[in-house]
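Take a look at the structure set out below.
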Amino acid sequence: METELVQNDFGFAKAPSIELQVRDLSIIASRSDSRLVDSFSVDIPSGSVMAVMGGSGSGKTTLLNVLASKMGSGLKYEGKIHYLLDQDQEIDEKDANMTYLPQQDVLSARLTCRETLLIAANLKLRASKSEKEKIVEQLLTELGLRDCSETLVGDNKNRGLSGGEKRRLSIATQLIANPSIMFLDEPTTGLDAYSAFLLVKTLKMLARHGGRTFILSIHQLRSDILFLLDKLCILSQGKVVFCDQMCNTIPYFASLGYSTPDMVNPADYFIDISSVDGRTDASKKISQERLNELIQFWKKYESEYVHYRQTNISKEIRVRNLAASVSYGQQVLVQTKRNYKLNLSDYVTLCATFAEPAVIGAVAGWIFYKPDMSTLEGSRTLTSSLYASVVLQCYLYLLFDTYRLCEQDIALYDRERAEGTVTPVSFMCARKLSLFFSDDFLMILIFVTITYFMFGLEPDANKFFLHFAVVFLIQLSCSGMALLSVAVSRDFSKASLVGNLSFTFLSLSCGFFVNAKYMPVYVRWTKYISFTWYGFGALLSSNFTESCGIEEGCMGNQLLDNLGFARNWKTVPLVILFCFALFYHFAALIMFYVNKVDISLQGKEKSKKEKKRNLKSVKEIDSSDLESRTVQNNSITVVLDDLSLAVDQKKISSNWRHGIIEHESKEILHKVNAVFKPGMINAIMGPSGSGKSSLLNLISGRLHSSIFSTFATTGSIMFNNTKISEKMFKKVCSFVSQDDDHLLAALTVRETFKFAAALRLHHLTSDERTSKINDLIRALGLTHCQNNIVGCEFLKGISGGERRRVTMGIQLLNDSPILLLDEPTSGLDSFVSATILEILENLCFESGRTVIITIHQPRSELFKRFGNVLLLAKFGRTAYNGSPENMVKHFSSLSYVCPAFTNVADFFLDITSVNTQNEQNEVTSKARLQIILKSWEDHLDTSKADSPSFSEEKMISQENFLSEYAYSIRIPCNIALAYVINLRRQFTTTRRNFDSLMSRIAQIPGVGVIFALFWAPIKNDYASISDRLGLAQESTALYFIGMLSNLACYPAERDYFYEEYLDEVYGIAPFFLAYMTLELPLAALAAVVYAAFTVMVCGLPRTAGNFFGTMYCSFLIATCGESLGIMTNTLFERPGFVVNCISVILSIGTQLSGLMSLHMSRVLKGINYLNPLNYTSMIIINLAFPSALKLTCEDAGRNPDGSCIFSNGQEVLEGYGLVKNVQKYLGIIVCVAVIYRLLAYWLLKAKLQWVKW
């Protein structure tokens, strides 16, 4: 390891030096009055680096948020926070600013590292272009991002930067603002030990030379990072254990009798003694008493020996919580350029932008193709086509734009708004400028051009451009409505619900479904606030004025009079539509200013008191109590022989001369040779990007190729010198991934374990499972939060570290001989990390399991307890594999001797990492790494020459494998028990999740109530004919509601099921049947209420046949919508994308229902046999017009001779060609619903068992 690193000089301008003084700060939860942080005081001079340490839930993030003026509405504080201008600096107060690095990385996936930083520089720095570029290059180099500067950030769907690289990029985007004070919440999460050290060293250099102040919260500190700090604060349970100069820390604790042992990281030791060990009653009591003593010792020491400086109020300034922002014009320009780049790089969305209006326009044109205006059916079809022109494309764009905002745009805006680099005005202006031509103009031009002529409208230029102007302005209104919906809620399910309900309300008011002229007086006014009424009226007036399709009378004028629209009505609606477009955008702007993103306080679910049945609550339990049945003589040694992994990624080529598709190959693992032994912890170490996680995914059989990425592997995996496949490996291993997103947010920690144990430990009795769960909760340190809900992004629950332990606990319930854990200590403090590794060590020792973990920053004393270590270098090359003792000897023989008081694990990571901060450091570190890699390759060559080769070994057959390892293969839960457990779990989550419950039982009845408001009471006059047709057509909305209900409930259950299916706990059928068991009764109940409102309240024929027929149809429509939701949510995992795909299908289905276009081609009629709405609409309309229904025509609808055009219901059906065999259709529709559900099941089965994508 190089003794002296070359330091870089930054080109930052001089930042004002600010001192922070805090006096008796207490942070209180508003609802419960509980103190989250109690009596915190500190003086932080300018040019200092201070770290706040503590276990999960100690109040570190809460303290940082309040100090950075980011306090949410759920908190209040007492005490004083002062920002004082250091010395006598003559600066403008506006030049003093602070930045804040949150725990989550919010970055644009389709920008490179360099592009991301350049955009941040353009938004945050007032400097010349050359100065900005210089600072960007310096940050890329200093933070080790130079090698990946041209790599896309990427996301979970598209490979890009590693987690550690994303973290460093997030830090760079904040540092580039040149802050006076910077707060960093867990900046080293996901970083390897060497990268974490270089980061803090960079912060120290910036503090020392630039007078900047850095305050960071951190879980795990390596010893050399600790001594870089100026100040250290240790929190536990919200109380201060120590907060003073770093140089006083070790002497202070030594004076209390807590001297740091030799060869132990002081930071880890301090966390250990100030944490509460909740694994046993005895340890909890002892550690709690020790913590209380430490808190009292500090209070006494603080009052006697810590002298805080007197606050000089004259020097106090207001340090903005916002980075220095550029001018409004610069904000708009930078965001517009970025949006253009993002839009052009998103090939799928770009193609969809132009393909969607063309496809929808062509389909709509085909459905309503040139109707015969001389007939009633033709007049109805043309009216329907004009309505479709107004709402079809615009509604789909509303959903699409809402999805696009929630999926990518709004998260970036919220982060930049919090930083102060953008404003709502600049965000909306830049977005509209970048999308106006493609979305608002070209999309509508394509749609209108296709539909106008296919509808057979008059080829008149004035009428064509009027038609275009109307649809264009309505799309602008929908664009504003999408912004308004997302301003109300960032959650797509809620934002889309706001947009859907608003648009549904507006479509009801437009006059197509229910005659706006004769609507009940209490809702008739709504047409004046509905832009669809003005748009529909303008198109009707343009096409029906003086349009006389029959010899006697003018049908067009009669239709306009009947619907209440004036003739030649053009100018007024266009002006009002323009005003509506402005209104929605201004409303969205105001809402963006008013509604700021906030996270509520922790939710807690009260659990029932459990009977104490032989619980180990009095006597001590050890982590070995977690063991299930002890397996004797069944240990498995895992051997990797020359295992390599490469990926071939396909992407659209930027240079089409060499082909449209561009291939990019990358080697992830290179001839990895390793032995993982049973009865010990086998650790895989290495810097970020060394392939640690990829290796675990590969051997566990969880690495699957896709359309865009193809994985190729060579080499062998062996069990006890027997070659096996990845599929065989998967059958005997449990896998704990880095991702905890699959956990169900509405379940408590105890409930999560309870349901997992019922499925995995079905061979045990209920009391035995309960005892095991209690042991597990205590051993994992989850006792304090066992009755707290897990939570998610939008519902505050347990902390990230606690979620990590829950995920691990589920896998510990398995009885697998091999346990794989990907970064099990990531996000955990050093004490909990040590506890987790102790549990795993006991697990290995007691049962002889083979435990393989990847780890970034192991503690020094824990490293020595690893049984075996695989050290990987960059690009998956092996630097060492063997015991920790031999590791020290091996590297000592290469003259790399670990210095005293240095964590051995950190030292080995340092010497196998490449320092890219500057060219000199890079050359030195690369040369050192090559020596290490060459030495290990020579060692392997020597070892292989003396040992037998496995390359010629034949792979064991499936039958022999199942026979030999039968004891190790998990027995899946039987279908009946799995069904019952799934049903209970899904019932619990649905009952507790308000959004899911309301979507199930309230949406369909809610629509019935809205329909009743607009239609009740339906009369028996001529106008009521269109009302009945409209009400029957509106029943198709239940198709959408079924899909939305699925979207609210299914994805979370699906994700959880996928994990259990991968663990081979149970099959597809129990999950699917349990979902249906819960879904169908609730849908039936909602259908009963809906039928009561639409039949009894609205005034359709109040007969038993009509009531039960409507209930039957509405139930099956919702069920079919649910089935389509399952299909699309199975095909695609992003909910917004699902909504857009299925909305196109459902929109086409509603147009094909048979009540809008009465003259469809034979091909479309054939396609319509698969459309459930075709059958339900015909059933409902035939029941709505019985032959016994007598109609009057005093309002309109008379023949020239004075007789009524329609005198009874049967004549209406015959006149419009709607007479159908109701009994036959009742039978067909249930068959269609069953087919839809079977297709959904088969698609899920195909995804998981056949195709496996």
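Placement of Cβ uses the backbone N, Cα and C atoms for every residue, glycine included.
Features of the protein shown, as given by TrEMBL:
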DOMAIN    20-262  domain 'ABC transporter'
DOMAIN    638-900  domain 'ABC transporter'
TRANSMEM  347-369  transmembrane segment
TRANSMEM  441-458  transmembrane segment
TRANSMEM  464-488  transmembrane segment
TRANSMEM  495-514  transmembrane segment
TRANSMEM  572-594  transmembrane segment
TRANSMEM  1001-1018  transmembrane segment
TRANSMEM  1080-1100  transmembrane segment
TRANSMEM  1112-1131  transmembrane segment
TRANSMEM  1137-1158  transmembrane segment
TRANSMEM  1170-1189  transmembrane segment
TRANSMEM  1225-1244  transmembrane segment
Recorded stretch, among 347-369, 441-458, 495-514, 1137-1158, 1225-1244, maximising Cβ pairs under 8 Å relative to the transmembrane segment (1112-1131): 1225-1244
Long-range neighbours of the transmembrane segment (347-369), counting only residues six or more past its ends (CB under 8 A): 381-382, 384-385, 388-389, 392-393, 396, 400, 404, 438-439, 442-444, 446-451, 453-456, 652, 1144, 1147-1148, 1151-1152, 1156-1157, 1159-1161, 1164
Within the predicted model, mean pLDDT of the domain 'ABC transporter' (638-900): 83
Spatial neighbours of the transmembrane segment (1225-1244) far in sequence, C-beta under 8 Å, 6+ residues away: 1068, 1072, 1076, 1109, 1112-1113, 1116, 1119-1120, 1123-1124, 1126-1127, 1130-1131, 1170, 1172, 1175-1176, 1178-1179
Segment proximity, the transmembrane segment (1170-1189) to the transmembrane segment (1137-1158), 3 or more C-beta pairs under 8 Å: yes
Positions on the same chain near the transmembrane segment (1170-1189), where near means CB under 8 A and six or more residues out: 1020, 1028-1029, 1031-1033, 1035-1036, 1039, 1100-1101, 1103, 1105-1106, 1109-1110, 1113-1114, 1116-1117, 1120, 1149-1150, 1152-1155, 1208-1210, 1212-1213, 1218-1220, 1222, 1225-1226, 1228-1229, 1232-1233, 1236
